[in-house]
């Protein structure tokens, strides 16, 4: 009985329950034993370390005794350090909050005064940067000291020699955009240098301030040569469809601060703004930005889906071009490039490109295409594929009629019917910013760019963000990324891949020396091909004004000396005009033998502007010489002929070959007086038909031109008192022109004309 009970309770492989119970008992016993061993080990190590820790901490614990001065001093120092760290963190947070506050005020300012106040407070809350790392401060200071030394101890000729030797725009990298990024004022040393150069230029213009006599012609030649070497500034307006309203604010700000360059170029919608500026005098331009710019419309109403589909099927474009042409005719008064330049003195350049594969893009201006009407060039530059159809350029012929600029070749009726006209489209597809062309034609070395292209401005905004918050190394990486994108696009163009048209958009230049980038919003992008409402137009213009206010200090620093040179030219030209008036008055009283045509200036210059269009006498190059070969306002296409050039050369050589022979034709006193007083009854101009001749003779007060009709000329042998030196008989009914009167009329008109020498 006992043995059977032991078999049931025994542990062995025969019973699963028995094995489970045995495993649990052994596991619990092992865990209990492990717990006891760990507890004993911890007690052992704690008992051993208690004496060591106490021995190690005893000196430090003794420092905490209230009667220990070292301990008290250490505690106070520690508390002061922690308090200072807390204060610094708090002050930095407050400064960051203030900067953000004033930045928001700057971003919502409606007037320049509000923006300037916010910018001043923002500068106070911004840590000062080390300006010496951004430009050569030592070089600029040395040049400033040298100029001051010349002014105080040297003569006027020393001043002229010093400035003529070394006067450049970017001295010591003083045009670095980082120096003027978001700032309100120019660095002090750079501003002192600009002021010193301006002061010495005014001394050159002051005829009474110099002890040593320097001729007026020498002063004017010095200023012309220095300005030509200094270079010119151009304003470039990019494309951007309806985002081009941003350009209105940019140009308006430059007009308000009298910083508008006289060389203006644009493509696509930028060409519209350029054409408005280039066809208006200075008072008209100010009046336009006060009243008329709110009514600008770029597109006609799109209509419904069926209207759009009909236009696409008929013209291959979403919009018709007729509305834009009508608007531009009213804005530009049907002027050509040459006429606009003669009227305002501003140089307008518009870029267009051809749909033909092998025809290069063109930059239209008064030198490359003087007879093209501006509205035609602008509509062609706005003809983006799919938006407007490609346009044919129109021009004025010799009679003033509007004709095609590139008429088809007259090969016959059959060939003429199959000949297609040359058409042009949006210039921003190939040369959005024509920097190279302006540099070659007009000596431009400084560019102010207003960038509103929807595919470029977001990239430039990201680049500015990285430059502002990522540091110098991040800015360099962003620049390398931009260079890599352009490089890959150029490779695509070289290989001739099908995406070459898209690659051209990104392979161009994006920025200038001063770049104003539009901060476009998604709402503005959504209405890219629609006319902006009055509120949207005002918003875009305000964006342009605020973005330009941030760049004003850079523009003033980069163009300050250039403006001083322009003002000097204006003052010296005014003095020369007064001197010539005095000479003419003396000649009319018989105290001078004759009044001769002045020679042209030694160095070509494109800085010429009509006097009434000059703001603050800072951009004028009026010529007082009666140089008939100059580009005058009254000239136009009719004077650009070979016969006119022969007449000019003939007039210039009059003094060399024309002498007075007492045996030749003589006039009575009554005839001379009548000829001098009234050479052209009822008018100061004459019309010489083709085939007639002008015979010159010198009178007692100048040179007389006898207009001889072609039918009145008969060959004859020389007879006393009745023939001239050429062997032609004078007719009693021929007209007489006195050169002194012609010069007087030319000088009077030259007060308003621009004298350009190429």
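Glycine too: its Cβ is placed from the backbone N, Cα and C atoms.
Ranges compared are 261-265, 266-270, 271-275, 276-280, and TrEMBL records motif 'GXSXG' for 266-270. Calculated from their C-alpha atoms, the gap between residue 268 (active site, nucleophile) and residue 426 (active site, proton acceptor) amounts to 6 Å. Proximity of residue 426 (active site, proton acceptor) to non-local residues of its own chain (separation of 6 or more, Cβ distance below 8 Å) is seen for 239, 267, 268, 352, 353, 381, 382, 383, 384, 385, given in sequence order. The secondary structure of residue 426 (active site, proton acceptor), as reduced to three states from DSSP, is extended strand.
Residue environment of residue 268 (active site, nucleophile) contains 29 other Cβ atoms, counted within 10 Å of its Cβ in all protein chains. Within the motif 'GXSXG' (266-270), the DSSP-based counts of helix, strand and coil residues read 2 helix, 1 strand, 2 coil. Mean per-residue pLDDT, taken over the domain 'PNPLA' (235-439), amounts to 84.
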